[in-house]
Amino acid sequence: MEELSADEIRRRRLARLAGGQTSQPTTPLTSPQRENPPGPPIAASAPGPSQSLGLNVHNMTPATSPIGAAGVAHRSQSSEGVSSLSSSPSNSLETQSQSLSRSQSMDIDGVSCEKSMSQVDVDSGIENMEVDENDRREKRSLSDKEPSSGPEVSEEQALQLVCKIFRVSWKDRDRDVIFLSSLSAQFKQNPKEVFSDFKDLIGQILMEVLMMSTQTRDENPFASLTATSQPIATAARSPDRNLMLNTGSSSGTSPMFCNMGSFSTSSLSSLGASGGASNWDSYSDHFTIETCKETDMLNYLIECFDRVGIEEKKAPKMCSQPAVSQLLSNIRSQCISHTALVLQGSLTQPRSLQQPSFLVPYMLCRNLPYGFIQELVRTTHQDEEVFKQIFIPILQGLALAAKECSLESDYFKYPLMALGELCETKFGKTHPMCNLVASLPLWLPKSLSPGSGRELQRLSYLGAFFSFSVFAEDDAKVVEKYFSGPAITLENTRVVSQSLQHYLELGRQELFKILHSILLNGETREAALSYMAALVNANMKKAQMQADDRLVSTDGFMLNLLWVLQQLSTKIKLETVDPTYIFHPRCRITLPNDETRINATMEDVNERLTELYGDQPPFSEPKFPTECFFLTLHAHHLSILPSCRRYIRRLRAIRELNRTVEDLKNNESQWKDSPLATRHREMLKRCKTQLKKLVRCKACADAGLLDESFLRRCLNFYGLLIQLMLRILDPAYPDVTLPLNSEVPKVFAALPEFYVEDVAEFLFFIVQYSPQVLYEPCTQDIVMFLVVMLCNQNYIRNPYLVAKLVEVMFMTNPSVQPRTQKFFEMIENHPLSTKLLVPSLMKFYTDVEHTGATSEFYDKFTIRYHISTIFKSLWQNIAHHGTFMEEFNSGKQFVRYINMLINDTTFLLDESLESLKRIHEVQEEMKNKEQWDQLPRDQQQARQSQLAQDERVSRSYLALATETVDMFHLLTKQVQKPFLRPELGPRLAAMLNFNLQQLCGPKCRDLKVENPEKYGFEPKKLLDQLTDIYLQLDCARFAKAIADDQRSYSKELFEEVISKMRKAGIKSTIAIEKFKLLAEKVEEIVAKNARAEIDYSDAPDEFRDPLMDTLMTDPVRLPSGTVMDRSIILRHLLNSPTDPFNRQMLTESMLEPVPELKEQIQAWMREKQSSDH
C-alpha cells in the first residue's frame, strides 16, 4: 500500500470532521501531559470522502486566522451572553456577531441545552461511553426543529467560535484573552500541520492553558481575564443562588473569579428573636473555594463549559447545524474530561480519596452550569477506578458539610440538594451515583456498641443528611437563633414556626429524592431497604417509656426518616400488602422476643408461625409494597409517638415549674425574713431560668411536631393501618357487622399490641393539640375501628389498651374538647354503635375493677370517670337512650354497674371530705400566726407539704366523686328497681346516710376551707344531689333500708338536713316537704324495729354465714361445699366473680339452694320469737 503524504493525511482528517461524525472511538486515550504544546499529529486517519464545509486548513494562514486580540475581545457589559460570529476575519467579534445575527434567527431555543450531554473526547484519558439510541433520536429531533436558514459555518468562523469560548489567541496578546505561545509558534512554523481536526485543536488549547496555569503565580494565564458571563461571578446575584464564594485575595488571583463575599441574609434569619448575624465561620470551610492552581483550572473549565450553553442560546439555529453542534459537543466533552484530570490531580499532583474534592464548594454554592455535574458522571462512570477517585471525595465532602450545617440558616439544604442531584443522575436504567453511595464502607456500618441507633446516625453515610432537626435537644443553635430574644411574641413564634416547617419540608423533599433514587435503581434497592430496616431495628429501644437518648437516634432524625417513608408509602394499595409479613421468616423487622401481642402469648405466636410457614418452604419473597408499608408503620412507632410523649412530658414540667414559681411568689411574705430566704430566692431564680429554657424548647417542638401537613400524613397512614386490621377482623369490610365472631382471628391476635395502642396515642395527641387535623377522608375508618374495638373488648387482652380507646372517645367529647364535637357525633351516630356501645362500656366499667396491675385500685377511678362522662353525652342521644333503658331493665350487668357506682362514691366522697378536713386544720393553724410561728421550722415545712398533698388529692378525688354522684343522680331519676335489690339497697342507703352525716352532722364545720371552688368543692350542690337521690328512690323498701342503717342514720341528722336546705334555699318547699315525709316514714320503721327487736346472737354456728358471721336467711351451697347466705355471696360476686374461700371462678348460676337448712333456720327463728314474747 502506497504511503500517504502528510497533506493527504490532513485532507482526509478534515473531510472526516466535515462529515459530522456520530460516533467516537471507544479506546481510551490519554491527553499528553507535557509542558510544551502538542506537536503535529503522527497517526494517519482512514481515507474518507472529502466534503466541503469550508473548514479546510489549507486556506488558513496566520494572517487570515481569527486569532488576534480583537477576534476574541468581549465587551465588558457582555455578561448576559456571547453573540454569534460572522465570517469576516478582519473585524472584531462584536462586529462579526452583528453580521452573523442578521442571517440567523435569534430566538432562544430552550432545548439547546440538551445538546450538552455529549461523548467524551479521546484525549481525556477516560473511557468513552456509548450514547443511548434514545439520546441520538432526541438530538436528531431537536436538530430538525430549527433547520438552518443561513449559510453553513466556515472553518474560519468555527475557529473564531473556539477562540471565543476558550478566550484564547495565538496571534496577539491582550488582557481579555490568554495568549498561547506554543500554539502560536506552531502556526507560524507550519499552519497546515498544527492540528488534525477540531478535537485535536481543542485538546491542544486546553492542555496548553492548563499547563500554563501550573507555572508560578507570576505567570498565571487567567490574571488578564475580566469577569463576563461566568456563573461563578453571577451566582451571588442570582435570586436562587444566594451564596457567594470565598476565593481569598491575592495579587495573583484572576479578577474573573469572585473574591471574598458573604452569604446573603436568609429570610428566615430576620424572623429570629435574637436577630444575630449568620454564623459564616461554621460553614466557610465547605462553602469556600480554595485559592490554588487546581481551582484556577476548574474555574476556567467551568466557564468554558458555560459559554457553550450561552452560544447555543444566543444562536440556536447556527448551533443546530451538525458541524457546529458536534464542535460544541466536543468542547463540552473536553472541558469535562480535563476537569476529571484536574480532580484526579493528573495535571498537578495525584490526590488520595481522603483529600477533599475541589468541586464540593461549587456544588454547595449551586453555581455549576446546567448539566456539568451530570456530564461528569456520564463521562467517568464506566471507568470504576476513575469514577471512585473523582466522586468518593465529593461524597465525603458533602457528608462533612451536611454534618456541620444546621437549621439555624438555610445553608443546610445545599448538601442535600447536591447529593439529590447526583443520585438522580440516570443513564438508561442505571443510577451510577446510587451504586457508588451504596457501595461505600459506611453505607451500613456494623454496630460496635449497645447504642446502635445513635451509631447509625453518626457513622452511616446518609446519617449526616438525615440529622437536621428543629428540636432544641438535637440542635441548640436553632433555639438560640430564633427563640432566645428578650420578648418572644406569639405572632413572632407562629411566623418562625411556619418558616422552620417550610425549611423542614424542603430538606425532607431532598431526602426523599435521594432515597427514592436509590430504591429506583435496581442494583441498590436491596441496600436501601436494608438500611431503612437497620435504622428501625437499631432504634427499637426508642419506644420504651424511659429510653436512654444516648443509645438511640434523635427525634429529628427519626421524624425525617418517617417523612421519607410516608412519601414512599403514599401510593401503596392495601390489596398488595401482606398482613402476615411480620411473621414472615424473611421479615426485615426484628421484634423483641418479649413484644406484647394484642391477644396472644409467645406460644400462640409460635404456633401461628408454624401454621403459616412450617410446611411451605420455599417461602415467597415479600414484595416491596409490603416491606415499605411495615417499615413505615414501625417508623411511626419509633418517631412520632416518642416525640409526642416527650412533648407532653415537657408541658407537664412547664406546668409544675409554673406552679412552683407561683407558690414561691405567693408565699414570699412568709419566707423573705426567714433564715431560708436566700435559699428560696436562689430556688426562684433557678426555676425561672429553667422555665424560660423549657418554654423555648417547647417553641422549637411546636415547629417540629405541630406541623399540620405532617400530622395529616401520619393520620392518613394510621387510617391505612386501621383498614388493614379491619380487613383481618372482618373480610367483608367495609360491610362490618357486630358482634364479631367470638373466636379472635389468629393473625389479629398475634399482631404487636402497639399497632392498636399507637393509633389511640396518636389520636389522643392530635385531639389535644391539633384537633383541626382530625377531619380527613380516613376519619370514617377511624370511627369504625374505635366502635368495633370498644364493642368487642374480648379481642384485646390488655384492659389498659381498651382504657386508652375509651380515653380517646372521652377526649373527643364536646364537654372536654369542643373542637371535636363532629368526631364524637360520628361515633355516637355510627350504625354499629347504637346497640352495643352502651352495654360494652357498662361491662368495661365493672371489668376494670380488676386489671392485674398493682395500681388497679386507683386506675379504675379515672377510667370510670371517662366512661361516666361518655354516658352523660350518649344519654342525650335518642338512638342510645333506648339502649340505656333496655340495659337498665335487663338485670345482671346493670346491677354490677350500680354496685361499682356505690363502691366508688363511698370511697371517693370519703377521701375527698377527709382531705378537706385536713386542709381546714392546717389553714386554721396558719391563721393563728402567733401559734404558727412557734412551731419548729421543719414542722412548718412538713405541715405545708402535707397541705399541698391534700390539696392535690382533694382536687382529683372531688372531680371523680362529682362525676360519680352526677351519674347516680341521673340513673336514679330514670330507673329505681335495680337500686332496691337486697344486695344493693342497704349498702346504697348506708352510703347516702354517711355522706349526709359528713355534710350536715356535728363535724360539718371541719369541711369549711378557704376558696372551696379551688378544689371543686360545692357543698350545696352535693347536698342537693344526695337528697334528690333519696326522693327519687322514695318507697317503703328504701325507707326500711335507711332505717336499718344503725351506723349513720339518726332522726336528728334528717332534721338538720331539712333545716339547712330551708336556710340555704337548696330545694323548693314542695321538695323539702317530700323529704320530711320520707324522714317520718323512716322514723316509724325505726320505732317498729325497736319494738320487735329480737337477739339472734346465740344462733348455732351452722346457721351463721361464715363470711359475715350473721344469721342466714337464704342459705346456698357453693361448688366448694361452703354454705353462705345468698345476699352476702351475691354482694361479693358483684365485686369479684370468685369463691371468697378458694378464689375459683364463681357465678350466681353455680349457687345451689339448701332448702332443708333454710327451713331449720326459719323454725329456729319462730321458736326464738315465741320464747321472747
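Glycine too: its Cβ is placed from the backbone N, Cα and C atoms.
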Swiss-Prot annotation (region 'Disordered') - matching range among 655-675, 928-948: 928-948
Candidate set S103, S154, S815, annotation phosphoserine, source Swiss-Prot, matching residue: S103
Three-class DSSP secondary structure - S674 (phosphoserine): coil
Distance from S840 (phosphoserine) back to S674 (phosphoserine), taken between C-alpha atoms, in Å: 59
Helix, strand and coil counts within the domain 'U-box' (1098-1171) (DSSP): 33 helix, 12 strand, 29 coil
Set of same-chain residues at least 6 away whose C-beta sits under 8 angstroms from S840 (phosphoserine): L790, C791, N792, Q793
Mean of the pLDDT scores, which run from 0 to 100, over the domain 'U-box' (1098-1171): 89
Summary of DSSP states over the region 'Disordered' (928-948), given as helix, strand and coil counts: 18 helix, 0 strand, 3 coil
